[in-house]
Amino acid sequence: MNVSKIAVFGLGVMGSPMAQNLVKNGYQTVGYNRTLERPSVQEAAKAGVKVVTSIAVAAANADIILTCVGDEKDVQQLILGSGGIAEYAKPQALIIDCSTIGKTAAYELATNLKLQGLRFLDAPVTGGDVGAINGTLTIMVGGDISDFEEALPVLKSIGEKIVHCGPSGSGQAVKLCNQVLCGIHAIAAAEAIQLSEQLGIAPELVIDTCGSGAAGSWALTNLAPKMSEADFAPGFMVKHLLKDLRLVREAAENGPLPGVTLAESLFTSVQLLGGEDQGSQAIIRAYREA
């Protein structure tokens, strides 16, 4: 298929810059978001994304449809619900979901859409808002290899490392492993910042020195400076990380993952402090405001 027209559903912190990068790479890009008032939606429109108010209009002519929304219920409703994407997408359109919804939900979506003459890839992303803006996301893809190969040029417009992980649901499985690391690394960065302040050492010194050695991590480089400055603007929201950690626990069938249990507890404490819509760097609040 010669892909020229793309629809992006969900023009939030991640979806908006992804749509903008598609425009920059020459794709005719239509965008849909439930609420048009969000600044991220306006930014997409200014960058050349044709923002529409109807799921039907957005989906009808798209060769590839990207979805980037909150959780598995949102994805299922958007795609399979009454008046959803599946009702209006053209035959054999390729739907690519970039949300984190878990392996089982992705497999069920793929199976259902195949019965309706549509194709599906689960393609969760990581790299945060910075990666979405810069087009350097890591994308973990599950689904038929032929669909992956067709989607690859499009995915290269929004990501840097794009990996076919296996059949439907495999991208989600790898993403859950990724989220274990993200949650625990954020805690490690927060504890390092907290300790540096208690010891009278500038957090910037710790970030610079430790970040270049074996203790370096994405969280230390990107989240720790925001922790130090109490800059909690999202990025990746606490409520979304908690959702992902729940999916991890469910996938593990509540098996022993004590690090995940700790991460859930600490991020829940931030949520109870009113921080559910703050970025994951707000984990430092669990230490400063406990």
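Quick reminder: no glycine exception, Cβ is built from N, Cα and C everywhere.
Values in this document were obtained by computation on a predicted structure and should not be read as measured data.
As given in Swiss-Prot:
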ACT_SITE  Lys175  active site
BINDING   7-21, Thr100, Lys243  NAD(+) binding site
Cα separation, Lys175 (active site) to Ala19 (NAD(+) binding site) (Å, whole number): 21
Top Cα neighbour of Lys175 (active site) in the set of binding-site residues Ala7, Gly10, Val13, Ser16, Thr100: Thr100
Three-class DSSP secondary structure - Ala7 (NAD(+) binding site): strand
Thr100 (NAD(+) binding site) in three-state DSSP notation: coil
Cβ neighbours within the same chain of Ser16 (NAD(+) binding site) - under 8 Å, at least six residues apart: Gly31, Ser40, Val41, Glu43, Ala44, Val49, Ala132
Lowest local Cβ density (other Cβ within 10 Å) among binding-site residues: Ala7, Val13, Ala19: Val13
Cβ neighbours of Gly10 (NAD(+) binding site) where a neighbour is any other Cβ within 10 Å: 26
